[in-house]
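S.K.: Can you read through this structure? Questions will come right after.
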């Protein structure tokens with residue numbers, strides 16, 4: 001702990017004492033890059049109600065009027081959904097926006113909702129087999145309901161009543177500079193003493209601060225931390241990553257290095273994913289040499305951690321639009337830039353449905369790997385394997401929200417992954433680690449099951465989805481690079497805050513996911529892990545603290561499951577023999 005305290009005293013002095021600067025397009029991760037330009041803060045605008053109404057624009061007004069005239073929507077649907085007073089300073093683009101949760105029960109309802117979303121250009125926040133969360137202006141609610149079947153017109157609840165106010169409060173919380181923990185039973189906060197090691201994670205950080213922090217970390221721990229560039233963005237920014245690990249002098253003769261890759265920030269607005277990747281990296285770096293288990297994990301494996309694979313979008317979400325999702329690459333429509341990075345990967349790309357609609361939040365581009373970010377990251381990862389330096393055995397793609405642990409495949413439920421049994425067993429182990437940290441429940445399911453499924457009566461299950469599901473990073477790393485322990489983890493919460501998760505959730509979320517990473521490492525080490533002493537980071541209300549007040553007891557409680565519940569990696573079915581289309585046997589890339 002002394003080591004972490006010392007690190008953060010230096011971090012605070014370096015990062016907080018200087019002027020905050022922005023990372024302009026084209027700036028690399030080289031510590032000797034030219035001086036950075038001034039940070040341009042977000043502008044707020046006070047609005048009257050008439051200004052809010054007019055800010056929707058003539059196109060929105062015309063669209064709603066035409067829809068109401070064609071479908072004859074009853075004015076009774078124009079209920080008041082938001083009545084809270086607007087803060088003095090707010091985000092004008094979301095002046096009257098709300099978030100609704102539509103409860104769905106059949107394929108027909110999902111298909112009708114998907115059509116309405118496309119017609120009205122709505123923003124889907126989350127969707128699964130039970131509900132769909134949608135952001136819209138409250139003036140659009142009657143238009144939406146008029147497009148839906150009768151069964152859906154009353155099957156909705158209000159999640160966020162005043163989105164602009166929620167955005168403002170998430171950026172500028174009115175609370176003392178004292179750490180709070182989350183009361184998991186009623187979502188209230190209870191004060192606890194400030195931990196110096198949590199200072200950097202007390203708030204979300206802009207990209208320029210994250211980059212300076214990464215440079216500082218590798219300069220302080222050069223023996224086991226490197227800063228590498230895994231790709232480039234449309235605006236010319238490098239995509240920085242930590243590469244953690246300790247290689248022996250005989251590394252050249254040892255063959256490819258087993259590597260786990262953890263990424264966040266595919267969708268720019270999912271700030272908690274970026275902070276969580278940074279938290280995991282910090283714990284691995286600073287506990288090397290202190291923790292026997294973590295030292296072993298960095299000696300046996302390389303860890304590539306990318307806080308955000310979408311720096312352009314992340315910067316834009318800070319400077320201009322907090323809820324921006326895609327990258328910033330131009331499309332066929334000048335006023336609708338951006339490609340959804342998690343729909344742009346080459347394996348089972350299915351972007352035909354959104355090809356004609358660049359304004360869609362799930363726009364996958366015109367072709368597989370149309371986004372510069374996914375293409376350059378794929379090239380980097382593939383080249384690492386071709387140089388016989390890297391063998392990707394694990395991949396974690398962090399997102400928000402909904403608290404789910406998803407395993408391949410995303411594109412279809414009709415294809416069974418060849419390592420399904422071990423994928424499920426490890427996923428349940430990860431979920432157990434999270435639950436024992438903070439009592440947070442994470443569901444475990446196939447990534448394709450975020451849809452409505454119905455039984456036609458003949459045993460055939462039919463599925464429908466509000467968004468396309470192909471072209472995911474999860475499927476590409478699992479199938480193309482054979483990273484056989486690949487997961488997409490959707491972090492907190494379950495909809496109360498959505499993408500606007502308050503900063504007091506950063507550390508609790510980081511702790512529970514870091515404990516999940518320890519479970520992954522324990523699993524990958526196999527029998528060698530049993531001889532090590534494993535120490536979890538206790539949560540605010542961990543099982544160990546409640547029952548025994550001991551983190552060691554918590555470790556034993558969890559890892560007792562390995563002998564009876566978790567299979568060792570050596571028990572896998574032969575992966576390469578199951579995957580017939582081995583990309584490494586193709587001429588050239590064979591990846592696109």
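Cβ from N, Cα, C; glycine included.
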S.K.: With 267, 268, 269, 270, 342, 343, 400, 401 listed by Swiss-Prot as substrate-binding, which of these, 325, 328, 355, is given for the same site?
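M.R.: So, going by the record in Swiss-Prot, that would be 325.
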S.K.: So, three-state DSSP: helix, strand or coil for residue 399 (Zn(2+) binding site)?
M.R.: strand
S.K.: Which of the recorded positions 336, 359, 383, 399 has its Cα nearest to the Cα of residue 269 (substrate binding site)?
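M.R.: Nearest candidate: 399.
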S.K.: CA-CA, which of the binding-site residues 267, 325, 343, 401 lies nearest residue 336 (disulfide bond)?
M.R.: 325
S.K.: Comparing the recorded positions 269, 270, 343, 359, 401, which residue's C-beta has the most other C-beta atoms within 10 angstroms in this structure?
M.R.: 343
S.K.: In whole Å, note down how far the CA of residue 383 (N-linked glycosylation site) lies from the CA of residue 359 (disulfide bond).
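M.R.: Here the two Cα atoms lie 33 Å apart.
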S.K.: For the Zn(2+) site given as 267, 270, 399, which other residues of the same chain have their Cβ within 8 Å of the site's Cβ centre?
M.R.: 264, 265, 266, 268, 269, 273, 325, 342, 398, 400, 490, 499
S.K.: Quick check: in three-state DSSP terms, what is residue 343 (substrate binding site)?
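M.R.: Helix, per DSSP.
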S.K.: Using all protein chains in view, find how many other C-beta atoms are within 10 Å of the C-beta of residue 336 (disulfide bond).
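M.R.: Neighbour count, Cβ to Cβ under the 10 Å cut-off: 15.
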